[in-house]
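Colleague: I have a structure I would like to understand better, so I am pasting it below and will then ask my questions one at a time.
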Amino acid sequence: MFKIPLFKAFEKDTWIKPFLKQYKRSLYLALFLGFMTFFCAGALMFVSGYLISRAASIPENILLIYIPIVLTRAFGIGRPVFRYIERLTSHNWVLRLTSTLRLKLYTVLEKDAIFFKRNFKIGDILGLLAEDINHIENLYLRTVFPTIIAWILYAFVVIGLGFYSLWFALVMALLLFVVVFVFPLYSVLLNGARQEKEKQLKNALYTDLTDNVMGVSDWIFSQRGTDYVTSYVANEQQLYDIQNELRKFNRIRNFLLQLYFGLIAISLILWTSQRFVGDHGGAANWIAAFVLSLFPLIDAFAVLPDAAQETNIYKDSLERLNGLAEKAEVSPTTLPEAAALDLRIKQVSFSYPNETKNVLDQLDLVIPQGEKMAILGRSGSGKSTLASLIRGDLTPTKGSVELAGIPTNQLGDSISDTIGVIQQTPYLFRTTILNNVRLGNEAASEAEVWDVLDRVGLKTLVEQLPEGLQTMVDEAGLRFSGGERHRMALARILLKDTPIVLLDEPTVGLDPITEQALIDTFFSQLSDKTVIWITHHLQGIDQMQRVIFIENGKLELSGSPQELFETSSRYRKLKSIDEGR
Ligand code: ATP
Ligand code: MG
């Protein structure tokens with residue numbers, strides 16, 4: 001049987017359901033109050049209709065007028081009062097739900113940023129934080145409550161009419177069935193597909209636009225700016241088209257819905273006139289009563305198609321929230337104290353998701369604590385991938401990467417206490433130099449910061465700045481040269497004092513003299529640590545204890561620089577190329 005997508009998502013849900021159980025009572029109260037609001041509105045019209053007709057004839061008894069007047073007042077006051085309390089209850093309920101959900105979300109995120117980063121794209125995270133919980137909020141206020149209330153009203157109306165006439169109750173059950181179930185279902189199914197398409201188009205446009213804005217200078221330099229704009233406009237048109245279709249559908253549907261309500265009103269008039277004409281004591285008294293009470297109910301029923309249609313949006317949010325909980329279940333392990341921090345890469349194979357090619361293929365490698373090792377290899381040979389595996393940011397497809405016997409991907413965030421990383425382009429934040437260096441260790445004193453700046457050779461530079469450590473680093477650290485930024489990154493690592501340091505091509509893009517000076521600083525300062533140095537250049541390589549080559553995902557060569565120089569012609573060739581530049 002076909003299922004509305006939201007229901008499917010809801011079956012597997014572990015985020016909302018427990019909450020529904022916990023706050024059952026206020027949920028029922030909100031639904032009851034919602035029903036009462038419409039009941040009062042309907043009853044108000046019913047009594048008024050009766051009163052108008054009755055007052056037009058000669059009443060036999062003043063009570064026949066007086067009681068309806070009192071009732072009119074009661075229902076008239078009851079409607080806004082119930083509505084107000086209903087709003088209070090349902091919003092209170094929903095806000096409590098969403099605050100619990102937010103708390104849950106933050107706890108899940110907080111638990112481990114690394115696990116999280118590994119499993120989600122940034123866009124998903126932002127989506128989760130910003131939108132999904134709001135969607136859930138609307139799901140209740142705009143869809144679940146109105147729908148359930150409308151269903152209760154539906155049952156109430158049909159049963160109520162059943163007291164007057166069984167067959168007419170059946171007719172109304174059928175007529176209203178179309179409004180309450182057929183229209184909404186039709187909307188979900190038809191517009192659901194369109195909404196899905198709209199969402200895909202929007203996402204594609206968004207990704208495409210971001211990508212091209214980042215590369216806008218290249219479009220302009222190649223003088224193809226207008227080409228891009230043309231292609232963008234064409235894609236955007238597709239989105240507009242589908243949005244127009246959506247709107248057109250809604251317009252026609254709403255029009256049909258109104259016609260349909262007209263039809264129901266007419267059938268009510270026909271039935272009441274036929275049923276009550278000739279009744280004892282003022283024939284037409286009930287006609288206005290029945291027909292008028294239909295109109296407030298329209299308010300309750302007319303929102304259903306839109307409410308149903310929105311479930312398509314909620315489905316995604318619900319699925320994402322649930323997916324999050326599943327993936328974030330893992331909790332980090334800690335390193336055994338006082339164990340030797342040897343890194344063991346055991347038979348590791350790795351391929352990126354949705355890629356067939358193995359980037360690493362049964363790689364075996366042991367890096368004892370304190371070793372200085374260089375990793376060489378062609379561009380794309382998997383060096384950075386290996387670095388991510390070592391840091392536990394990626395999980396091997398086969399085999400394992402262990403630090404002191406613990407798989408690194410189980411260490412979570414705590415890995416950054418053990419392994420420090422310097423990337424090709426270290427990032428400096430738009431805050432003071434002091435804060436930028438202290439990123440390594442928030443508790444460090446200014447004296448300690450000066451000490452590490454001295455060790456990385458930045459002390460004089462910072463001293464000369466008018467505001468010293470308090471100097472603001474502008475956005476992305478542009479006021480510092482590449483070499484200075486690397487020194488800053490090294491200062492962070494020294495302050496953090498991690499026993500293992502991973503350098504991923506930290507000197508790319510520097511001139512040979514700066515490069516040599518930087519390498520000298522790195523190795524003199526990191527002399528007591530394990531150093532894993534990924535590089536293209538062989539400059540400074542003689543300071544390493546071991547050099548390995550990665551090719552086709554395997555260890556191609558391994559040995560001390562002297563050994564390799566003596567035994568490998570390839571190494572000699574590379575070295576002469578490098579020196580001869
Ligand atoms: P370079 O010296 O240029 O930095 P590298 O040795 O560090 O290269 P990696 O970045 O590890 O190489 O990439 C190894 C292979 O994996 C490449 O073929 C690359 O295209 C592929 N690759 C890297 N990252 C991803 C990713 N996120 N998804 C899919 N494939 C990837
Ligand atoms: Mg790389």
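Glycine is no exception: its Cβ is also placed from the backbone N, Cα and C atoms.
Values in this document were obtained by computation on a predicted structure and should not be read as measured data.
Per TrEMBL, the feature domain 'ABC transmembrane type-1' maps to 29-295. The domain 'ABC transporter' annotation in TrEMBL covers 343-577. What TrEMBL records for 27-51, 63-82, 139-161, 167-189, 255-271, 283-304 is transmembrane segment.
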Colleague: Take every residue in the domain 'ABC transporter' (343-577), average their pLDDT values, and give the whole-number result.
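Modeller: The predicted confidence over the domain 'ABC transporter' (343-577), as a mean pLDDT, is 86.
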Colleague: List, by number or range, the same-chain residues at least 6 past the transmembrane segment (167-189) whose CB is under 8 A from its CB atoms?
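Modeller: Tertiary neighbours of the transmembrane segment (167-189) are 4, 147, 150-151, 154, 157-159, 161, 249, 253, 257, 260-261, 263-264, 267, 271, 275, 301, 304-309, 311-312.
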Colleague: Taking a Cβ cut-off under 8 Å, which residues six or more beyond the ends of the transmembrane segment (27-51) line up next to it in the same chain?
Modeller: 20, 65, 68-69, 71-72, 75-76, 78-79, 82-83, 85-86, 89-90, 93, 145-146, 148-149, 152-153, 156, 285-293, 295-297, 299-300
Colleague: Can you work out which residues elsewhere in the same chain, 6+ from the ends of the transmembrane segment (283-304), have a Cβ less than 8 Å from its Cβ atoms?
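Modeller: Residues packing against the transmembrane segment (283-304) from afar: 38, 41-50, 52-54, 57, 142, 146-147, 149-150, 153-154, 157, 176, 179-180, 183-184, 254, 257, 261, 264-265, 268-269, 271-273, 275-277.
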